[in-house]
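What follows is a short report on a single structure.
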Amino acid sequence: MESTVTYCYSNGIWRKSQVTEASLEIWRTLPAAIRQDPSLASFRQEHERLHGPDDDPLPNEDCSADDGDDNSKEFITIKVTNPSQNGGDGTDSASGKLTATTTATATPSPRAGNKHQQNGEKHGHNATMDHGGEGDEHEVTMHSMHGHPHQQHGKVFSTVKISALLVVWLIFTGFLMSKNEKELEPRQMSIPEGRIRTYILPDSPPGSRVGIYLKGAFLNDQQHNMTSNYVSVNLQLLYTNSNTSNLTNIQDHDVKHVENVTDAWLVPVPAYPDQMDRMDEITRKHVFDIGTASHRKVANGKAVIRVHMSSNVEADVPVKFTYDSTPIDKETGVIYAAIVLLGLYVLIIWEIVNRTFAAMIASTLAIGVLAAMDERPSMPKLISWIDVETLLLLFGMMIMVAILSETGIFDFLAVYAYQVTNGRVWPLINCLCIFTAVLSSFLDNVTTVLLMTPVTIRLCEVMELNPVPVLMSMVIYSNVGGTLTPVGDPPNVIIASNSYISKNGVNFATFTLHMAIPIAIVMVTTYFQLRMKFKTISDLRFSEPQDVQEIRHEIAVWQRAAASLSSYSKDEDLVRETLLKKVNKLSRSLKKKLVSGSVPVEYKATLEELKNKYPIRNKVLLVKSAVTLAFVITFFFLHSAPDIQKLSLGWTALLGAVLLLILADREDIESVIARVEWSTLLFFAALFILMEALAELGLIEWIGKQTENVILSVSEESRLAVAILLILWVSAFASAFVDNIPLTTMMVKIAIGLAENEALDLPLKPLVWALALGACLGGNGTLIGASANVVCAGVAEQHGYRFTFIEYFKVGFPVMVGSVIVSTVYLLFAHVVFTWH
């Protein structure tokens, strides 16, 4: 094995470190700017010796183990070849060959602003480690800029937190260990024409409730007026002779009495039997309650339960029949679901744990609750709850953005925006937000945020602004712009792709036309709300002097890079210790700044200096990236025309990522993979499972039923106004706190049901516009209200800028309320007063 032993001379002391091929592999996974830092010059030199020089210039060399501030240093690099050498004294006993080079160098301190593309520590939560000379103890000092609760509340808070989380862990672990996965056995059967089909339940249910599943060529409840054909299902009690041994095969002469104990459940089927051959199968579920008295008879063996099925269709109706003897009690489930959701928000709002970990705890607890109610889902069912398309879209775009950032295009675009607006803050922010809104109208807003967040961060760094308020403004406009078209936001895709809605005249053009007026007004009112929130330029800048802020940020970047490595191997430990020594050096500089004081310096750099500082670093890679992005964006636009291309958004992004990796010809793919927001992807996966579990518990359905009941309770002349108000405000507030995808799916059914109810006589289109405005604009209410918010927060945190749930809530929630008020006024005037529909 060949390695490099580097000796560094400083303050009269020679220090030794070893660079092995394995440690070089770890070094290559670090972000580019950290690899190029003088503190890691020995790694870079050995890499160039083995693999040749890279495109980037070799930085000034330094010894990472230096403790002093003396800029005059020497280091000697001794190349050793010894297959069995494992970091001994630097000599080769086998060959005895030594090659030494000595270099004197002066090491300038790199500017922190050039390091923002690293994996950043949480902004305002920086761990500073002092590593003294040899023999000194390691002193750990935690700095907190915003009073992070993890450090403020001390041991008492930590003890209470761990105890509470342990109790929650014990709860869902106990339920999951004690309950089996629920497996129902389907049975293929056919309901014959003009005859009755029955099935006797072989076991006595533990309660009075029995669930019946039918899977076949059925219509949904909103399509019942399209047919007069139905399958009728009800439950009966059979009183039999006591000597009947086989309860599953009771003959007519064994039955003493038959009692209908439930009303009939009517399942609509197509009007013409030949249509059933061309329809997709759907599953219909109904829960029957036979009552306490009837259940007591069944439990005592005096009667058995029989399922009675018939149809008025002039053909046999094939069905897949399943019964559930322990259906979930939705009334109780709603209470448990609300408690779980409340617990999630407690963990996130007060930052008790990381939001990804909070989502994991909440989703696992929801599954534990399902298990406690005898509804533990199987692993394949859990996996099916995860929206893989969304995760593929995010993963593919993150890969492309990670490679694209290496070209320097984000820095270049930031400087170009600075040039166009002449360095004026609010015109620049306005251009950024409007461009984001327009782009989000025609691209998925998650994709838009992934592309725009790095540009926004670079732009703020150029102008010495705090990126957090600018990012919040940008993502708010992204959600507003995504409301404009059917392809801009996932709720709009769900609404516009519904067959019933599209058949009733809602297409791309009419959707965009009806959304254009309220969205234009909302964009104007949102601008004034943001200007009122950030009244002065100081509200957009850091509270600390720029040089202090830069050092804090650089410490965060290096600390996060070190935290990404473990002590699993000696090579990882070598690189991690080198990074921590750099943290130590920066920490001493920060202490000096805090003691001596610092005066903020206004940014005076000329446009020419900025252009020289932020050029396009790799034009060849930029061309390859542009080709890939052109492919991806083109297919994104063609997604609304399924006859032209068959790829989903997720597949398009994944194929684009693979294409760019091929064109880029990257050997160090680990460094690209390391920059994927795995925490964000895991958060989305946990959130998808949580929301489906809450839907299983009945929370989403309960929201819809309450909304429908209120609309039906008012007088006929007020129903349209009340329906618009309720659908708009319920969907807005609900989508701010729960995932808007299952919410929109449920609210679409409510809107269609209200429009189909002939007694109500409500038009469909105003209800559709109210739902689209509410579900999309409501996403601005909280940090986890929309996918774009979560993605923006994750990318910002990777760059070292972190905004909390409360920080975003103070900005986003008032904007959401103002947007919904504007939408309310518009919808009432357009559809209640002037009846535009």
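Cβ atoms here come from the backbone N, Cα and C positions, even for glycine.
Just so you know, TrEMBL annotations are computer predictions that nobody has curated.
The model shown is predicted, which means the values in this text are computed figures rather than measured ones.
Record features (TrEMBL):
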REGION    47-71  region 'Disordered'
COMPBIAS  55-69  compositional bias 'Acidic residues'
REGION    102-133  region 'Disordered'
TRANSMEM  333-350  transmembrane segment
DOMAIN    345-774  domain 'Citrate transporter-like'
TRANSMEM  356-373  transmembrane segment
TRANSMEM  385-405  transmembrane segment
TRANSMEM  425-447  transmembrane segment
TRANSMEM  508-528  transmembrane segment
TRANSMEM  621-641  transmembrane segment
TRANSMEM  647-664  transmembrane segment
TRANSMEM  676-700  transmembrane segment
TRANSMEM  720-738  transmembrane segment
TRANSMEM  811-834  transmembrane segment
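621-641 is the stretch from 356-373, 621-641, 647-664, 676-700, 811-834 with the greatest number of Cβ pairs below 8 Å to the transmembrane segment (425-447). Using the rule of three or more Cβ pairs under 8 Å, pairs at least 6 apart in sequence, the transmembrane segment (385-405) is not in contact with the transmembrane segment (333-350). Residues of the same chain lying 6 or more positions beyond the ends of the transmembrane segment (333-350) and with a Cβ under 8 Å from any Cβ of it are 149, 168, 358-359, 361-362, 365-366, 369, 373, 690, 693-694, 696-699, 702, 737-738, 783-784, 805-806, 809.
The transmembrane segment (621-641) shares more Cβ pairs under 8 Å with 647-664 than with any other stretch in the list 356-373, 647-664, 676-700, 720-738. Outside the transmembrane segment (356-373) by six or more residues, the chain places 165, 168, 171-176, 178-179, 328-329, 332-333, 336-337, 340-341, 343-344, 347-348, 382, 679-680, 682-683, 686-687, 689-690, 693-694, 696-697 with a CB less than 8 A from a CB of the stretch.
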